[in-house]
Amino acid sequence: MRTYLRALIAIAWKDMGVWVRRPSTIVATVLPAVGFMIIILISAQAVGRNPVALVVLDRGPQATRLAHSLETSNAFRVRTETPERARQLLHDLDVAAVITIPAGFDETYSAHRSDPVTIEINNLNLDFTNDLRRSLPAAITDFYAGQNDSPVLVQVQEHDLRSQDVSLVQFDLIPNLALLLTVAGVVNCGLATAREFEDLTIKELTLAPIARSALVGGKLLAGWTTTMSLAAIVLVGGAAAGLLRPAGWYWLPALVVVALFGLAAAGLGALLGASIRRFQPVIAIGINLSLYLFFLSGGISVAAFLPDWVQTVARFTPTYYGVHALQQAIFYQSTDLLGQDLLVLGGTAALTVAAGALALRRSIAA
């Protein structure tokens, strides 16, 4: 048994050493996740809070309160400007809209007459336009709700389903972590396996006085360990930044999900590497497959809000369940459907590891 374990660890150590010494492999592993993370950060700045110019032509107390309501709204990034400067900013695409509180606002408000607040929108696309059209009435409603003599007697009472709000960057980090795990497992284990056949070093390994199962197990262990190392960096960095921080014992299901994710990806990588036996095709197929799984697991939108046919397809992908389990554990401290998620991930890991090991043994014997 001791000889078997030494051989298994030696194979794994060799593969991890090769991975560390090949920058191209490291780049192929982390580049997709890093690229999408940059896109997420830029997109969050663009769609989170719309930049608007605020023109206040009345200095009365009610106009000041309304201006404060707009400035503290979660929907806007407000810049108070003169009418001329605001118009120039809108023309130069520095702001998405100009909101004007008219002169005589307080007098008209006190007289309970119609008191229009105007908004001039750069309707560049419907997404931004609809956000602005919804956000200004909501901010005005909040303003009226804070007045003792408000003529608006209807108020909105919000009840949140979740215990906390999660930013767009935080929410999209989980599918991005799933992408990193998938690419790392598939590419690393796949390349380590395919390289042995392409460089013909597999013949040397088969002549060594070690069990074939130790060779297969070492390959899988190397892929899984490398994947877990990258996951650890992301999780520790995310926790330090306050973006990924499960509370209490919810670290445990999060780590179990990550471990199963990595194991399933490593098994799939071994299957691809042993079946294709070529370096470049394994990279191409592995990364493209990982990207498809990324999108289906909610990489570009909440999976539950995608078209019905896409949701149906997504439910047949294990990443869908992995992302759900991680979101529940990390953000919401919930075990909702955790048993189902772990069952799917555990079954997938067992299936891919068995398939990868079988393909590798057959390729070695061929």
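Cβ atoms are placed via backbone N, Cα and C, with glycine included.
TrEMBL labels come from automatic prediction, so no person has curated them.
Keep in mind the model is a prediction, meaning the values are calculated, not measured.
As recorded in TrEMBL, the features of this protein are as follows:
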- 61-165: domain 'PpiC' (DOMAIN)
- 25-44: transmembrane segment (TRANSMEM)
- 221-244: transmembrane segment (TRANSMEM)
- 250-273: transmembrane segment (TRANSMEM)
- 285-306: transmembrane segment (TRANSMEM)
- 342-360: transmembrane segment (TRANSMEM)
Top partner of the transmembrane segment (285-306) among 25-44, 221-244, 342-360 - counted as Cβ pairs under 8 Å: 25-44
Intrachain residues whose Cβ lies under 8 Å of the transmembrane segment (342-360), provided they are six or more past its termini: 189, 193, 213, 215-217, 219-220, 253, 256-257, 260-261, 263-271, 273-275, 318, 321-322, 325
Counts of helix, strand and coil residues, the domain 'PpiC' (61-165), according to DSSP: 46 helix, 14 strand, 45 coil
